[in-house]
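Okay, structure first, notes after.
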Amino acid sequence: MPSANVSPPCPSGVRGGGMGPKAKAEASKPHPQIPVKLPFVTAPDALAAAKARMRDLAAAYVAALPGRDTHSLMAGVPGVDLKFMPLGWRDGAFDPEHNVILINSAARPERQRFTLAHEIGHAILLGDDDLLSDIHDAYEGERLEQVIETLCNVAAAAILMPEPVIAEMLERFGPTGRALAELAKRAEVSASSALYALTEQTPVPVIYAVCAPGKPPREQAASDEDAGPSTEKVLTVRASSSTRGVKYTLASGTPVPADHPAALALATGMEVREESYVPFRSGRKMKAEVDAYPSRGIVAVSFEFDPARLGRKDSEQADRDEPQDAAQ
């Protein structure tokens with residue numbers, strides 16, 4: 001579900017970062033909830049501190065809830081109404097002026113659940129003047145909006161996938177595609193939502209990816225125009241995220257070769273783990289230990305690297321050949 005065209009929530013009286021009427025009006029616009037990978041961080045320490053604070057706030061929020069079903073999640077925001085309605089391409093919105101959270105009724109239940117937690121994240125953020133002030137001091141404009149959306153995704157992950165649950169998945173399955181699939185199942189969220197939460201907590205160099213059958217990439221479709229229309233579906237990357245120390249991800253839409261472990265896992269319905277490679281879109285390959293786990297029509301994949309190899313021959317070659325696959 002990876003950058004959202006959104007606007008930040010704008011309470012009045014924010015220390016060091018007050019907003020005018022125009023910004024306040026922007027805050028109530030509906031917006032999609034898409035996990036955001038930030039391309040450039042001008043103040044990494046500020047963002048890291050803000051994420052840590054947001055996790056603490058979300059953990060405190062969850063601790064006071066009677067449960068984690070939809071009704072229980074709303075218990076921490078008394079006075080705020082929850083409404084489900086068709087929202088087109090938008091996933092949801094939080095309108096602080098009218099105290100209402102809107103959720104797209106046409107979205108899948110897993111998507112609705114993450115969206116609700118994300119919108120609750122907006123409410124949590126609005127309730128902490130110090131954190132709001134800090135991020136307004138450090139960022140502005142579109143970058144501020146991106147940071148706010150990122151913090152709300154951090155909150156959503158902390159609400160639905162708390163650190164002890166992620167730690168349990170990593171302990172049981174290691175940093176693998178199966179850990180990703182099991183986390184999504186346990187938290188009742190999509191694998192794309194679980195992707196970013198797992199990435200944040202994985203201590204070793206890994207690229208995680210969610211792959212699913214879909215239409216052939218545009219490049220391939222264009223080359224096959226003379227052959228006429230095709231109904232064949234190709235396994236492609238839907239979302240990807242990398243842990244600290246790994247500078248690349250797989251771009252959305254990257255095709256997965258038919259002989260790759262991920263394609264084999266989809267074809268057989270069985271987990272496949274073997275020494276293989278990262279299939280960059282250009283055709284270049286980077287060695288990695290691959291674990292591909294099929295689940296509910298998708299394949300959750302991990303590409304684990306030998307730390308000693310990072311920054312050496314393979315990654316230097318990727319650096320020259322794969323700028324389009326750099327982490328977004």
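Yeah, the Cβs are placed from backbone N, Cα and C, and that goes for glycine too.
Among the candidates Glu97, Glu145, Glu149, Glu163, the one that Swiss-Prot lists alongside His118, His122 as binding Zn(2+) is Glu149. For His118 (Zn(2+) binding site), the number of other Cβ atoms no farther than 10 Å from its own Cβ, over all displayed protein chains, is 29.
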